[in-house]
2 protein chains.
Amino acid sequence: MPHLKITLAYDGTNYAGWQVQPAAHGPTIQGVVAAALNRLTGERICPVAAGRTDAGVHARGQVISFSTSSRIPVDRWPLALNSLLPEDIAALGAEVVSPEFHARYSARWKWYRYTIYNHSLPDVFSRRYSWQVRHPLDFAAMARGASYFTGRHDFRSFCAAGSPVRNYEREVLKANLSREGNFIFFDVVANGFLYHMVRIMAGTLVEIGRGRLLPEDVPVILAARSREKAGPTAPPQGLCLERVEY
Amino acid sequence: MPHLKITLAYDGTNYAGWQVQPAAHGPTIQGVVAAALNRLTGERICPVAAGRTDAGVHARGQVISFSTSSRIPVDRWPLALNSLLPEDIAALGAEVVSPEFHARYSARWKWYRYTIYNHSLPDVFSRRYSWQVRHPLDFAAMARGASYFTGRHDFRSFCAAGSPVRNYEREVLKANLSREGNFIFFDVVANGFLYHMVRIMAGTLVEIGRGRLLPEDVPVILAARSREKAGPTAPPQGLCLERVEY
């Protein structure tokens, strides 16, 4: 039975995240994609994703995997799936992979981008894809703060309280701040992410940018291993899963 | 009584255009802005706009004008209005103007941009702000076709049939095509626009890009003074009112 890897992009605004939830929470990406796979193949397929994105979080390069006995040629999959998907979810590519491939467990690293729109006036076109921070932000201080995230650390302070995890250690390969006009981009590449990790990092960087924390507080917060020491959780719409590498 | 000029940006996706319509068509930008002005000032204000954008059309630099006896300082207007506007409409600036100023009649020229996304796969993030054309487009041919729009012409062929207009002559100061990655931008600056004018121009350029019309057909279509000779009307979501100059 062929095993497939498919790359997806989605605008998460209208979804209760990736993972199938009790119906009351609204539709999920996984549910909508599974329904499209079902219509396309006649099989009950439950796709696995590289990153279980939260409600309102987007993806430009989510990766899913599943097995199917469908004989659709692999290069036809994206267009075939897109004809069945709503316009806020798109299949961008497909390839046949070995049966051991698992979208989540086989991932070597994932790249998330958090986008801040830093202006006192709203931007109507980016509001669904960024966090508007009205206060002036000290970019240089934020960039210095971000640099402390790189390396292997215990990220317990940057994990939502009550998360059912045993090992809080993750390796951050890159934690970089850049800007373009009124936008500030926070790019994080890591071998794994804890629940809300990027959003708490972004919330903490904004506290630094507003002068309510110092860049040098980041290593202190990391060492504290306590969610209460870090900044607030930045809102979901600024977050996007950009790419997964295997 | 002070006369105000306010610059607005809006995401037109969820509106039945600028102009107040019978309720069945859904909310309009004018209606929502008038309600916010009413709440802010306690007055019944009916704002006039530079361009009466259609349903689904956006604006980055729409201009409105109205008179008010409110004593709110002019620099406070944008933030005060934004606190009352939904997040898909934003006031970007305000100034006091002379009582003769009229957002539409005083305009010297307006700049509209039409955005085409030219790729076989959908782009979920730009779908609300562009027209996806799946077929490969000949950019050079389209650019040559666009160049024929500049100058003073009778644009009857590029006006929705049945439009209650007497004079179809308009002066196009600029009609320029550019591209960035998979996006093609068609920028038109003119002293006035007929109903659906930019969208019919864009639809015609796509016919040229697909090889179903020649660039040299544009002057022939202009001379015909008949809507049937031009290409189809491009969909509204690709259109944006960028700027108005007085």
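Counting begins at 1 with the first residue displayed.
The backbone N, Cα and C atoms fix where each Cβ goes, and this holds for glycine too.
Listed in TrEMBL:
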- A:9-106: domain 'Pseudouridine synthase I TruA alpha/beta' (DOMAIN)
- A:ASP54: active site, nucleophile (ACT_SITE)
- A:TYR112: substrate binding site (BINDING)
- A:146-246: domain 'Pseudouridine synthase I TruA alpha/beta' (DOMAIN)
Sparsest Cβ surroundings (other CB atoms within 10 Å) among the recorded positions A:ASP54, A:TYR112: A:ASP54
Distance [Cα-Cα, Å, rounded] between A:TYR112 (substrate binding site) and A:ASP54 (active site, nucleophile): 13
Three-state secondary structure, which DSSP defines for A:TYR112 (substrate binding site): strand
Structural state of the residue listed as 'active site, nucleophile', classified by DSSP into three states: coil
